[in-house]
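Input: a single structure, listed below in structure tokens.
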Amino acid sequence: MVNIILGIGAILIVVILFMIFRVGTLISVVRGTHKKRVDTSNRINAALFLVFFIVGGFAAVWSSFSASEFFLPQPSSAHGKDIDDLFWISMGVIGAVFVATHILLFYFPFKYQYKEGRVASFYPDNNKLEVVWTIIPAIVLTLLVLSGWKVWRDITADAPENSEVVEVMGKQWNWLIRYPGKDKQMGSYNFRLIDATNEYGMDFADEKNFDDFTAPVMYLPKGKPVLFKIRARDVLHSVFVPHFRLKMDAVPGMPTRFWFTPTKTTQEMRDELNNPKFNYEMACTEICGRAHFSMRFQIVVVEEAEYNKWYAEQQSWLSKNRDYMAKVPANLKEKALKVIGPEGGEPAAGDATSATDSQPVPAEVPVNPNVVTTKSNASIQ
């Protein structure tokens, strides 16, 4: 609000100065002294160029610093630092050229203001100058483009083989996530199999789906590559995790992917920010309907040992939705039962691990009273 008021005030000052100048000009025309005041008005305009440059420069710097809290947060992924470094190097180069050219832009009207008797210099061309200001920008821009290409090539390269895999699916208006289970192989899906319970469209003709599990909160290990397999169920969504410098569209019918390596746990970020309520959050940055604002999903980054413990405690989706055993082909039912265990019992040893029906949130993650939980997903409203 303060910035808006200051902006309106600055505009009003400019308008008032302009009106004063116009009134003065009209009065001089009526009195017949207009020609005598040409030198004076030019000096005023020339001086105003310098005033606007100085005031505007300070205002721009002040505005930038005052709004710094709304800039991207500190990166918490390995590639995030590379992106930030590239951004600030580019900003430095562009900013230096911007400031230099605007100094000249505002100084020249002052230096070369109208003066009676002054004759303009005839300066048709300068080949050396043309060569210099063509070659130098070309070299600088080439270096920037190559640096950006290298960073983007590394980001979009194939994920390492030891990456943890998480499937992220966007739908109106929440996120659903799925882990591949103990076998570390994500089961296939078919949109024709989607229903009110099987929101992922998991195909139980594929035995890889037997131990896949879902969670209301996404857990990730610190220091280990993570691959997001991204898709959308209805309309265009976009996965955005600012701390990880992660943004990738979720497109219906066209799966996308993005991999990264978290470098700070949730607790480390809380200590760093001195904010015990901090949580990583995945949001949607594609307007997807009237409840777009509610597409927020909590992410918890923990040490790898804690992550492995949490992972081992999870119960497969099929074991919590046993009605879907009817969807398992007859020749795979026995194998499915070995993985999920008999009803009311434990999974067979070596096939899956026991778990509770709930998806626990560790003690350091405060329970948000605004979390809405469904059978297979929770989104933070």
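Even glycines carry a Cβ here, placed using N, Cα and C.
Just so you know, TrEMBL annotations are computer predictions that nobody has curated.
Taken from TrEMBL, the feature compositional bias 'Low complexity' applies to 360-372. Annotation comment: TrEMBL describes 64-159 as domain 'Cytochrome oxidase subunit II transmembrane region profile'. Sequence annotations record features per position, and here TrEMBL assigns domain 'Cytochrome oxidase subunit II copper A binding' to 161-313. For 341-381, the entry in TrEMBL reads region 'Disordered'. Among the features that TrEMBL reports, transmembrane segment is placed at 6-25, 46-66, 86-110, 131-152.
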Secondary structure content, the domain 'Cytochrome oxidase subunit II transmembrane region profile' (64-159) (per DSSP, counts of residues): 70 helix, 1 strand, 25 coil
For the domain 'Cytochrome oxidase subunit II copper A binding' (161-313), the mean pLDDT of the predicted model: 93
